[in-house]
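Per Swiss-Prot, the feature active site, proton donor maps to R26; the stated evidence is sequence analysis. Under the heading Mg(2+) 1 binding site, Swiss-Prot lists N90, D106, D110. Swiss-Prot lists D108, D110, D123, E126 with the feature Mg(2+) 2 binding site.
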Amino acid sequence: MVKESIPKEGENIKIQSYKHDGNIHRVWSETTILKGTDHVIIGGNDHTLVTESDGRTWITREPAIVYFHSEFWFNVICMFREDGIYYYCNLSSPFVCDEEALKYIDYDLDIKVYPNGKYHLLDEDEYEQHMNQMNYPHDIDVILRRNVDILQQWIEQKKGPFAPDFIKVWKERYKKIRNY
(Lines of atoms letter the chains of each structure in order from A; the text may use other names.)
(Lines give C-alpha, C1' and ligand atoms only; values in the text may rest on other atoms or scores of the structure.)
Protein backbone atom coordinates (compact mmCIF):
# COMPACT_ATOMS: atom_id res chain seq x y z
CA MET A 1 0.00 0.00 0.00
CA VAL A 2 1.36 3.40 -1.00
CA LYS A 3 1.26 6.05 1.70
CA GLU A 4 -0.50 9.19 0.56
CA SER A 5 1.40 12.36 1.35
CA ILE A 6 0.38 15.93 0.64
CA PRO A 7 3.37 18.06 -0.43
CA LYS A 8 4.14 21.17 1.59
CA GLU A 9 4.61 24.75 0.38
CA GLY A 10 8.10 25.28 -1.01
CA GLU A 11 8.72 21.56 -1.54
CA ASN A 12 9.85 20.40 -5.00
CA ILE A 13 8.03 17.37 -6.39
CA LYS A 14 7.81 15.29 -9.55
CA ILE A 15 4.57 15.05 -11.54
CA GLN A 16 3.86 11.71 -13.22
CA SER A 17 1.18 11.26 -15.85
CA TYR A 18 -0.04 7.75 -16.71
CA LYS A 19 -2.32 6.25 -19.32
CA HIS A 20 -5.41 4.19 -18.43
CA ASP A 21 -3.47 0.95 -18.99
CA GLY A 22 -1.01 1.89 -16.22
CA ASN A 23 1.91 2.83 -18.48
CA ILE A 24 3.80 6.03 -17.74
CA HIS A 25 2.94 8.83 -20.17
CA ARG A 26 5.04 11.82 -19.14
CA VAL A 27 7.11 13.02 -16.15
CA TRP A 28 7.86 16.62 -15.12
CA SER A 29 11.06 16.49 -13.07
CA GLU A 30 10.46 19.43 -10.76
CA THR A 31 7.51 21.54 -9.67
CA THR A 32 7.58 23.82 -6.62
CA ILE A 33 4.51 23.51 -4.40
CA LEU A 34 2.74 26.81 -3.75
CA LYS A 35 -0.29 25.30 -1.99
CA GLY A 36 -0.93 21.74 -0.91
CA THR A 37 -4.13 20.45 0.70
CA ASP A 38 -6.17 17.25 0.50
CA HIS A 39 -8.24 18.84 -2.27
CA VAL A 40 -6.02 21.28 -4.17
CA ILE A 41 -2.41 21.30 -5.29
CA ILE A 42 -1.02 24.45 -6.91
CA GLY A 43 2.55 24.47 -8.13
CA GLY A 44 4.94 26.44 -10.28
CA ASN A 45 7.71 25.44 -12.64
CA ASP A 46 9.99 27.02 -15.21
CA HIS A 47 12.37 25.40 -17.70
CA THR A 48 11.55 22.00 -16.24
CA LEU A 49 12.84 18.76 -17.73
CA VAL A 50 10.01 16.63 -19.13
CA THR A 51 10.50 12.96 -20.02
CA GLU A 52 8.13 11.27 -22.49
CA SER A 53 7.13 7.59 -22.34
CA ASP A 54 9.57 6.76 -25.16
CA GLY A 55 12.49 8.32 -23.26
CA ARG A 56 12.65 11.55 -25.27
CA THR A 57 13.19 14.65 -23.15
CA TRP A 58 12.47 18.34 -23.57
CA ILE A 59 12.47 21.44 -21.39
CA THR A 60 9.45 23.65 -20.81
CA ARG A 61 9.90 27.06 -22.44
CA GLU A 62 8.20 29.36 -19.97
CA PRO A 63 7.10 29.73 -16.37
CA ALA A 64 3.84 27.95 -15.57
CA ILE A 65 1.41 27.54 -12.71
CA VAL A 66 -0.22 24.10 -12.42
CA TYR A 67 -3.58 23.41 -10.78
CA PHE A 68 -4.87 20.03 -9.62
CA HIS A 69 -8.12 19.30 -7.77
CA SER A 70 -9.10 16.04 -6.07
CA GLU A 71 -12.78 16.33 -7.04
CA PHE A 72 -12.49 17.22 -10.73
CA TRP A 73 -11.33 15.12 -13.66
CA PHE A 74 -9.00 17.72 -15.14
CA ASN A 75 -5.86 19.68 -14.38
CA VAL A 76 -4.77 23.05 -15.72
CA ILE A 77 -1.38 24.43 -16.76
CA CYS A 78 -1.23 28.26 -16.97
CA MET A 79 1.71 29.21 -19.21
CA PHE A 80 3.15 32.72 -19.19
CA ARG A 81 4.24 33.69 -22.70
CA GLU A 82 5.24 37.05 -24.18
CA ASP A 83 1.87 37.51 -25.89
CA GLY A 84 -0.23 36.53 -22.86
CA ILE A 85 -1.39 33.64 -20.72
CA TYR A 86 -2.20 30.34 -22.38
CA TYR A 87 -3.94 27.51 -20.56
CA TYR A 88 -3.53 23.84 -21.37
CA CYS A 89 -6.17 21.73 -19.68
CA ASN A 90 -5.81 17.96 -19.45
CA LEU A 91 -8.88 15.79 -18.93
CA SER A 92 -7.56 13.37 -16.35
CA SER A 93 -8.30 11.44 -13.21
CA PRO A 94 -8.19 13.41 -9.97
CA PHE A 95 -4.65 13.54 -8.57
CA VAL A 96 -3.08 11.36 -5.92
CA CYS A 97 0.17 12.09 -4.11
CA ASP A 98 2.63 9.70 -2.59
CA GLU A 99 6.23 10.02 -1.48
CA GLU A 100 7.39 9.57 -5.09
CA ALA A 101 5.25 12.12 -6.98
CA LEU A 102 1.90 13.72 -7.74
CA LYS A 103 0.18 11.26 -10.10
CA TYR A 104 -2.81 11.19 -12.42
CA ILE A 105 -4.18 9.34 -15.44
CA ASP A 106 -4.23 11.34 -18.68
CA TYR A 107 -7.39 10.70 -20.70
CA ASP A 108 -6.25 12.28 -23.97
CA LEU A 109 -8.85 15.06 -24.27
CA ASP A 110 -7.40 18.54 -23.83
CA ILE A 111 -8.69 22.09 -23.98
CA LYS A 112 -6.34 24.87 -25.08
CA VAL A 113 -7.31 28.39 -24.01
CA TYR A 114 -5.77 31.40 -25.75
CA PRO A 115 -5.02 34.85 -24.23
CA ASN A 116 -8.16 36.26 -25.92
CA GLY A 117 -10.35 33.73 -24.05
CA LYS A 118 -11.15 31.57 -27.07
CA TYR A 119 -10.70 27.84 -26.52
CA HIS A 120 -10.67 24.57 -28.45
CA LEU A 121 -11.28 20.96 -27.46
CA LEU A 122 -8.35 18.90 -28.78
CA ASP A 123 -7.48 15.25 -29.42
CA GLU A 124 -10.98 13.81 -29.69
CA ASP A 125 -9.70 11.28 -32.25
CA GLU A 126 -6.93 10.14 -29.90
CA TYR A 127 -9.49 9.81 -27.10
CA GLU A 128 -11.77 7.60 -29.25
CA GLN A 129 -8.80 5.46 -30.32
CA HIS A 130 -7.51 4.97 -26.77
CA MET A 131 -11.02 4.44 -25.40
CA ASN A 132 -11.32 1.43 -27.73
CA GLN A 133 -7.73 0.18 -27.30
CA MET A 134 -7.67 0.43 -23.51
CA ASN A 135 -11.36 -0.34 -22.94
CA TYR A 136 -12.28 2.79 -20.98
CA PRO A 137 -15.41 1.92 -18.99
CA HIS A 138 -18.62 3.71 -20.02
CA ASP A 139 -18.71 5.39 -16.58
CA ILE A 140 -15.30 7.00 -17.25
CA ASP A 141 -16.55 8.33 -20.60
CA VAL A 142 -19.61 9.87 -18.91
CA ILE A 143 -17.47 11.44 -16.15
CA LEU A 144 -14.98 12.87 -18.66
CA ARG A 145 -17.72 14.34 -20.88
CA ARG A 146 -19.31 15.95 -17.82
CA ASN A 147 -15.94 17.40 -16.80
CA VAL A 148 -15.39 18.83 -20.30
CA ASP A 149 -18.64 20.76 -19.71
CA ILE A 150 -17.55 21.87 -16.22
CA LEU A 151 -14.18 22.99 -17.54
CA GLN A 152 -15.78 24.98 -20.37
CA GLN A 153 -18.06 26.69 -17.82
CA TRP A 154 -15.06 27.58 -15.65
CA ILE A 155 -13.28 29.04 -18.71
CA GLU A 156 -16.30 31.11 -19.76
CA GLN A 157 -17.02 32.28 -16.19
CA LYS A 158 -13.31 32.94 -15.44
CA LYS A 159 -13.56 30.66 -12.42
CA GLY A 160 -10.79 28.85 -10.50
CA PRO A 161 -7.46 28.95 -12.34
CA PHE A 162 -9.03 31.09 -15.10
CA ALA A 163 -9.76 33.98 -12.71
CA PRO A 164 -7.44 36.97 -13.23
CA ASP A 165 -6.71 37.14 -9.48
CA PHE A 166 -5.65 33.48 -9.45
CA ILE A 167 -2.87 34.20 -11.91
CA LYS A 168 -1.69 37.33 -10.09
CA VAL A 169 -1.59 35.70 -6.66
CA TRP A 170 0.10 32.44 -7.63
CA LYS A 171 2.60 33.96 -10.06
CA GLU A 172 3.74 36.36 -7.31
CA ARG A 173 3.89 33.53 -4.76
CA TYR A 174 6.02 31.47 -7.16
CA LYS A 175 8.40 34.40 -7.75
CA LYS A 176 8.73 34.92 -3.99
CA ILE A 177 9.40 31.25 -3.21
CA ARG A 178 11.89 30.93 -6.08
CA ASN A 179 13.50 34.33 -5.34
CA TYR A 180 12.94 35.65 -8.88
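Numbers here mean position along the shown chain, with the first residue as 1.
Glycine residues also receive a Cβ, built from the backbone N, Cα and C atoms like all the rest.
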Cα-Cα separation of D110 (Mg(2+) 1 binding site) and D123 (Mg(2+) 2 binding site), in Å? 6
CA pair N90 (Mg(2+) 1 binding site) / R26 (active site, proton donor), Å rounded to integer, equals 12
Cβ-Cβ under 8 Å from E126 (Mg(2+) 2 binding site), same chain, 6 or more residues apart: which ones? D108
Counting only residues 6+ away in sequence within the same chain, which have a CB under 8 Å from the CB of D123 (Mg(2+) 2 binding site)? D108, L109, D110
Just to be sure I understand the packing, how many Cβ atoms besides its own are within 10 Å of the Cβ of D108 (Mg(2+) 2 binding site)? 23
Assigned conformation of E126 (Mg(2+) 2 binding site) - DSSP reduced to three states: helix
Cβ-centroid neighbours of Mg(2+) 2 site D108, D110, D123, E126, 8 Å, sequence order: L91, Y107, L109, L122, E124, D125, Y127
Cα of the residue listed as 'active site, proton donor' to Cα of D106 (Mg(2+) 1 binding site), in Å and rounded, measures 9
Excluding its own, the Cβ atoms lying within 10 Å of the Cβ of D110 (Mg(2+) 1 binding site) add up to 20
Using all protein chains shown, find which of the recorded positions R26, N90, D106 scores highest when you count other CB atoms within 10 A of its CB. N90
Determine which residues of this chain, when N90, D106, D110 are set aside, have a Cβ within 8 Å of the centroid of the Mg(2+) 1 site's Cβ atoms, and list them as they appear in the sequence. S17, F74, N75, Y88, C89, L91, S92, Y107, D108, L109, D123
